[in-house]
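Residues or ranges marked as transmembrane segment by TrEMBL: 7-28, 48-65, 86-105, 111-132, 207-225, 237-258, 270-286.
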Amino acid sequence: MTDTTLYLIKAFILGIVEGLTEFIPVSSTGHLILIGDWINFESSQGKVFEVVIQLGSILAVMWIFRARLLQLIRGTLTGVASEVAFTRNLLIAFLPAAVIGAIFIKSIKQVFYHPGVVVVTLVLGGLIMLYVERRTRHTPGDAPGAADDTASDERATARTLEQITWKQALGVGVAQCLAMIPGTSRSGATIIGGMIAGIQRKTATEFSFFLAMPTMLGAAVYDMYKNMDLLTQHDLSGIAVGFVAAFLSAIVVVRAVLRFVANHTYRVFAWYRIVFGAVVAAWIFTR
């Protein structure tokens with residue numbers, strides 16, 4: 001097997017990982033860093049690879065939501081109040097990460113893109129998710145043992161995308177800034193941030209998917225623009241393979257997640273983060 005073939009196989013594996021993990025709250029970037037380290041993935045611009053293959057995932061979301069996206073665009077352009085408000089909320093949620101990312105993303109990549117950081121954020125994020133899920137499923141009069149794993153969301157004040165307020169959107173946007181630290185999870189931060197702000201779980205998940213479109217698209221295009229001259233033909237071939245793999249796997253995952261959150265909480269993902277973080281910590285200390 002030639003070095004080029006092995007490189008493309010590894011790029012394909014990472015593309016599958018990206019598509020499988022981007023839209024569930026377990027941190028796709030954290031998984032890419034860890035698995036890339038495990039399989040010894042070598043690219044002259046590895047961090048750019050991790051960002052750009054996300055385009056495959058985001059195009060999968062745009063394809064799945066294409067009818068709703070076209071409705072949003074048409075409604076905004078024709079002045080439909082609910083669609084204008086939804087577009088406004090997406091812009092409000094997008095701006096905090098856009099500003100912080102433009103100023104600090106280079107420093108963030110240099111300081112935080114390390115397996116040790118991923119371990120901490122995986123476990124901490126899992127614990128926060130468990131707390132928020134427990135808080136969300138209990139009304140003030142509930143007994144301590146009353147909660148189960150159904151998606152009841154008694155405290156939610158916004159149960160549809162149209163009911164989300166600009167303040168709730170801003171809260172989601174601020175939460176998204178935390179996702180610049182690998183291991184946090186962009187979808188996890190925005191969904192949990194939305195739930196804390198009073199958005200119903202499934203609605204928070206859908207809003208997170210829509211918010212991913214400008215956020216991830218902007219990040220990928222910016223990274224490509226800044227680093228295009230540094231990318232070799234070798235890098236570009238790997239990016240192309242990873243892109244396709246991410247698109248195909250994300251198509252499956254997004255549909256599955258939407259079905260899952262209609263009737264379940266995110267507790268299973270919280271426990272996965274904690275267990276996976278512990279396994280990675282053990283691996284780091286023993287290698």
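Glycine is no exception: its Cβ is also placed from the backbone N, Cα and C atoms.
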Proximity verdict for the transmembrane segment (270-286) and the transmembrane segment (111-132), three or more C-beta pairs under 8 Å: yes
Selection from 48-65, 86-105, 111-132, 207-225, 237-258, the stretch that has most Cβ pairs under 8 A to the transmembrane segment (7-28): 237-258
Long-range Cβ neighbours of the transmembrane segment (86-105) (under 8 Å; 6 or more residues past either end): 72, 76, 161-162, 164-166, 168-170, 172-174, 176-177, 179-180, 190, 207, 210-211, 214-215, 218-219, 222
